[in-house]
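K.L.:
Annotated domain 'VWFC' per TrEMBL: 179-248, 286-353, in sequence order. Sequence annotations record features per position, and here TrEMBL assigns domain 'CTCK' to 426-520. Look at TrEMBL and you will find Cys447-Cys496, Cys458-Cys512, Cys462-Cys514 tagged as disulfide bond.
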Amino acid sequence: MKRNGEVVKSFKEMALDWKVPYPTNRYCNPGVLEPSKIEHHQHCVPSNLCKIIWTLTECHGVVPPQPYYEACVAGGCSEEQPSTECQSMQTYAALCGLQGVCVDWRSLASGQCEASCPQDQVYKPCGEAKRNTCFSRGVVMDTLPSQNSTSVFVEGCYCPDGKILLNDHDGICVSVCGCTAQDGSVKQPREAWEHDCQYCTCDEGTLNISCFPRPCAKSPPLNCTKEGFVRKTKPRLEDPCCTETVCECDIKTCIINKTGCDLGFQPVVAMSEDGCCPIFSCIPKGVCVSEGVEFKPGAMVPKSSCENCVCMDEQDPVTQTNRIQCLPVQCQTTCQQGFRYVEEKGQCCSQCQQVACVANFPFGNVTIEVGKSYKDPYDNCTQYTCTETAGQFSLTSTIKVCLPFEEANCVPGTVEVSSDGCCKTCIDLPHKCKRNVKEQYIVHGNCKSAAPVPVPFCEGMCSTYSVYSFETSEMEHKCTCCHEKRSHKVKVELVCLDHKTVQFTYMYVDECGCVETKCPKRIA
């Protein structure tokens, strides 16, 4: 039978007519007649959940299990989420229940297909298809018609034993049928209660609620004579459901004369004794007033540049504002290092002006006058100079840079220190050791660089001498060789005969010079 009551022979046509939307199954959405593609999973391993169908042997005689087992396996192997295995099992169990066979398959599913029920209901795998409510008592309502007397079992959420559904829509289970009150609670038949200032009762026959307003006593006549008071109707404190007339202050009805206060005073409001209207007056703020400005006690008050004036806590009895106390300014004539106190005409106090630079050293500060220099006592190559431009003093440091010095390249006895003690000088030994670069292919085994690479090398002569030493009473020999002083490793790619490439590392000379070495002993 279709929704409109039409009886049709096609089970498929009837089923599609009763289709409703379901969020996890797109085939239940309106407009989708049937799955456009059914995927077959030949190599899918059936889950233990689907295998439960084969344990329900009591139902196999009335509902063949094979089609539902295959649907369960296909649902479990499908990429659609969530899996439809539980739906397949639920469908098979429902068909068994329609044939009067009770199967409790969820207890065998190890919690994979748990059923959830409202708080006051319990799950039953084989409940009755007939569901009575308080409004259908004594009337048998078969949810599924049957042509014979075979029992029909339906799984679902039921009221616990000894309770019955209150109605068809709330899902509330009650021990005794009654009325559903405004707050959702269940009232017993003939029970009376008060709600929203009404008396309500539960009708025993119809289980309907009837309410009527609660009666209230009338308030006596009232006249409001005090200034600012008016009559108002408001809920009673002891009984908010009933109202009473009271005299209440309404400031909007008052005639208010606001008074402007002078500087140093503030308005205050007081209530009249015979009413509720405000009365304004001015009282002192407890501040000082000078040149149209208010000052709090303890604040400095600007007066003469040669006086320090402070607002006091004492009140002047004549003006009713606080007194102002002034004292002569005490000038600060002590200046920090590098500054000097310079008096200026027309000023009560002058300022310290900078006259020199101050250099900070670990042993203390040193004053350096403009145009003069000071040498760092711990560094002969550093000198500090003080300059002044447009009143701005600058302390600059000059660091003398010495030329590279290698005592091995000096003629013995010619090493001297400059007059400022910063640099060493000497007479150089005659030599021509220098760094040259040649381009060449690098060959290693059967591999060779693709192009010539730069290969620096040291070349030249260095001085060697012999001189008699009066200290050791023997000849002193000195030998120097043209040698690399600084170098680093460089990688280059070599190509082999089999067209493979390998990495080769060689030393790249950065600097050459004469380096002292041990002279060979003379053979007698």
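Note: Cβ is positioned from N, Cα and C throughout, glycine not excepted.
What you are looking at is a predicted structure, and each value in this text was computed from that prediction instead of being measured.
Could you place these features in context, so I can see how deep they sit and what lies close by?
P.N.:
In the domain 'VWFC' (179-248), helix, strand and coil residues by DSSP number 0 helix, 32 strand, 38 coil.
Model confidence over the domain 'VWFC' (286-353) stands at 89, taken as the mean pLDDT rounded to a whole number.
The Cβ of Cys447 (disulfide bond) lies under 8 Å from the Cβ of Leu494, Val495, Cys496, Leu497, Val502, Phe504, each of these being in the same chain and 6 or more residues away along the sequence.
Non-local neighbourhood of Cys458 (disulfide bond): Cys433, Lys434, Arg435, Asn436, Cys482, His483, Glu484, Val509, Cys512, each in the same chain, at least six residues away, with C-beta under 8 Å from its C-beta.
In the shown protein chains, 25 other C-beta atoms lie within 10 A of the C-beta of Cys514 (disulfide bond).
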K.L.:
Please identify, from the disulfide-bonded residues Cys462, Cys496, Cys512, the residue with the sparsest Cβ neighbourhood, meaning fewest other Cβ atoms within 10 angstroms.
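P.N.:
Per-residue Cβ counts within 10 Å for the disulfide-bonded residues Cys462, Cys496, Cys512 bottom out at Cys496.
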K.L.:
How many helix, strand and coil residues does the domain 'VWFC' (286-353) contain under DSSP?
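P.N.:
In the domain 'VWFC' (286-353), the DSSP-based counts are 0 helix, 31 strand, 37 coil.
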K.L.:
Summarise the domain 'CTCK' (426-520) by DSSP state, stating how many residues are helix, strand and coil.
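P.N.:
Helix (H, G, I), strand (E, B), coil: 0 helix, 66 strand, 29 coil.
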